[in-house]
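To start, the structure itself, in structure tokens.
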């Protein structure tokens, strides 16, 4: 664990150093290229803005109205029947849609049940092992102006579902 | 599909608020969330400018090409449509590396560059096969060390904050493999349909 933390902190500074050394060695105009690349970054952030506003507002409406919670309340018993702990259902449903909401749910679950409880461990694993599909598709397709996503969303959501099921099974085996 | 999901989330929310008496909350959420979205976008500027600057140097200095060559055998199989020495490969690899080490901030700009290169290859505004494979891998999460989760566990006085790293890694591997397989299935289905 300590080794991995060390790698994570050293990786970026060392990578930057390597890039700059190689660039200087090859007599590439490093600073000018940095500025040139940076300008693209500014453009990109602004082109992303409308995509993010659209998606985040729509999700916020669904959450604030109480419809999302109602849906979760409705579906929890059904999933519970298949062995999914009811407490974890909100997290499983929210995880692919909203990263901040999922983090909020995870924190709340850990707060209520304790970090070393079964639910606490399951929430931690679930939070860490999949990413916010809707956000990733919005950002990446939005930034480069892709209008037709084809089957991308389906693939992302099915992979999420498999990841969530896998988390439940693994945590049950390891900590159950 | 996205158009429908996007509209449906808002429509369902507003309809539900009519009967649930939460219209006031919806109203508030509308403007607060728009504000939040702008904050996120603006917050991305610093990361995007810095990383795209560094990556531009890396590209011109030939480092991305070296990286692409090193891991070519694995990635070529995942992205058969991308020419072997194309810069897209280098960006895809940089994105994966940053993700594996939990450096989400560095991963996003490189991922966007990879998407840009793939768009140049396909030349349309329709998602290409490579793009979908790339995003499937990103959405399934490649992170091996969930730093945020560990931080939360520490905050709540866990006896062993990092004990979930093992289960997270196994779950991540399974969800990533699932993403690759599901992506392939949908791709071959889409060709058969013509």
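Placed from the backbone N, Cα and C atoms, the Cβ positions cover glycine too.
The average pLDDT computed for the domain 'Nucleoside transporter/FeoB GTPase Gate' (A:46-147) is 87. What TrEMBL records for A:46-147 is domain 'Nucleoside transporter/FeoB GTPase Gate'.
Annotated transmembrane segment per TrEMBL: A:6-25 (among others), in sequence order.
Residues annotated as transmembrane segment in TrEMBL: A:45-64 (among others). Remote same-chain partners of the transmembrane segment (A:45-64), defined as residues 6 or more beyond its termini with a Cβ less than 8 Å from a stretch Cβ, comprise 97-98, 101, 134-135, 138-139, 141-143, 145.
The transmembrane segment annotation in TrEMBL covers A:70-94 (among others).
Among the features that TrEMBL reports, transmembrane segment is placed at A:155-175 (among others).
Helix, strand and coil counts from DSSP across the domain 'Nucleoside transporter/FeoB GTPase Gate' (A:46-147) read 82 helix, 0 strand, 20 coil.
Same-chain residues lying 6 or more positions outside the transmembrane segment (A:155-175) and placing a CB less than 8 Å from one of its CB atoms are 83-85, 88, 92, 95-96, 118, 121-122, 125-126, 129-130, 133, 136-137.
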